[in-house]
């Protein structure tokens, strides 16, 4: 049994314009201590997925069906009291924009120690000490003095460290990091990722990292789920996705990453945009933007299948690379004839035909 | 530390403000048409010699700027001269009436805060429900109804029909008597209703805005009980904008007391002011207007300090 198992999760938003299908039969798992990446464009349902894990989806959103099992217990059946015990204590969250995620009128120390007092039951003084330790562990210099500073007295990167400290304060088993570095500049981004990696290893914490940046995923994650329009289109260990992507959307995401030594004049982008989640295109949701789409793609909705066998994938019990594209069930006449080039430190070292899983050497 | 410095800085600013208020007060009273001499002598014909003597007695023979300086320097020591009508020291007349107005004003402000903040919070938390709509209707009525009309209605309903209050204030028992305090509730509610309505809606909108902010989600994600999230995190930030407007309401409560004291025959300084305006009793008028100005400045000072206390980003 994995630490977290999400099965057939359906989140709906009942708006005046219609029902928004934010996630569709979403299933995945995260093992203890694992780093799991969730990638996709804005609107793919990444944040909704993470808020669903905390049961913090606001009106008019509802978790319509499915199960979220944390350590074997379905959290969707818990009462509010049990849920609060989990939040911040066993499952913690790191939010995107630290500048707004912190309350401007309380000191950062208070914002860390209030959770410690509540969950661990320490008194004022002990909670303060633990909060200062946590601040130190996220690399805030002279933590004891900064304990009583207000958020506006910190820089953006330092604020993000405080937000991470809040998440770490009660020693959670799972941290959901929702685009933790999007609001930061690149050098700070690298520091924050390094910090997350350090603390994840030190405390043996599992992390679900939500991002739109495949580069971040490559550095950080063990496994990755690529989401499109509320469901996974590809799920695999991170190397497989990098060296051997199996879904045209993943390929599109990858080709829009600039790489040093790139000879392309312009970045490639995926044409079009995410479909309207109220009225999704029939068949494969991605077909209007897919360069390989055929007539059958407009009719048949591809299921997530094991790319080796073409059998329906089991995202909860298996690690095998799976993708949701008709190419893998033999229902396409053509091939996905793209090339994946992976460059090493100094030189291009290999290339391969992704559709036939040709070998690609290391980076 | 920084809050302390802010308080000191902020209190220094009140000095020029106070001077400006005194200048304006003095100027306005002296711009009123009509010669005070006529009211002192009750419009009798005077020989120039006697007139000069009377003018000298009240300092009216001096140039205006000398009159101003004389007035300000003695006002600073609490000496506002003598009333033209009663010949009593102005300060005594005011001190006799001030407790009534103070008690009424504090009661009005207390009633306002005690009702506006909780109802605003509830309306925000249950926004767009029946509760919220009811509060909106009440707010519209409360803002729309003039003080004097509301006062008369309350008197009609509670004093005349239901007989719960006397029609006239039991002044002879003194301000701190139980009967007088109970009676004071009526004018206090009358003055406070408009402010209550306004502050309630402001509290609601400020709270609705804060409830949508990211830090509320952070607080919830910490696993804090909803009660703590609202009372500790949301309320404090919502109060920041309410505090400023509440301070301005102090000015409305003071100015409202002038009309309301007349409706209720209430023996406060508002009624004293209206009485003496009719008689050009300029020492009394000047003193009361100055007092009101000082009260408003103090209220704003308190608001600014509270504001800085609530929002640490304000201390410059």
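Just so it is clear, glycine is given a Cβ too, placed from its N, Cα and C backbone atoms.
Here is what TrEMBL says about this protein:
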type     : residues  : note
DOMAIN   : B:98-303  : domain 'ABC transmembrane type-1'
TRANSMEM : B:12-32   : transmembrane segment
TRANSMEM : B:102-126 : transmembrane segment
TRANSMEM : B:138-161 : transmembrane segment
TRANSMEM : B:181-200 : transmembrane segment
TRANSMEM : B:239-264 : transmembrane segment
TRANSMEM : B:284-310 : transmembrane segment
Worksheet item: Against which stretches of its own chain does the transmembrane segment (B:102-126) lie, if we need a Cβ under 8 Å and a gap of at least six residues from its ends?
Response: 132, 135-136, 175-176, 181, 184-185, 187-189, 191-192, 195-205, 207-208, 211, 230, 235, 238-239, 242, 246, 249-250, 253-254, 256-257, 261, 266, 268
Worksheet entry | Interface check, the transmembrane segment (B:138-161) with the transmembrane segment (B:239-264), three or more C-beta pairs under 8 A | yes
Worksheet entry | Tertiary contacts of the transmembrane segment (B:181-200), as residues 6+ beyond its ends and Cβ separation under 8 Å | 100, 103-105, 107-113, 115-117, 119-120, 123, 135, 138-143, 145, 147, 150-151, 154-155, 158-159, 165-166, 169-170, 175, 242, 245-246, 249, 252-253, 256-257, 260-261, 263-264, 266
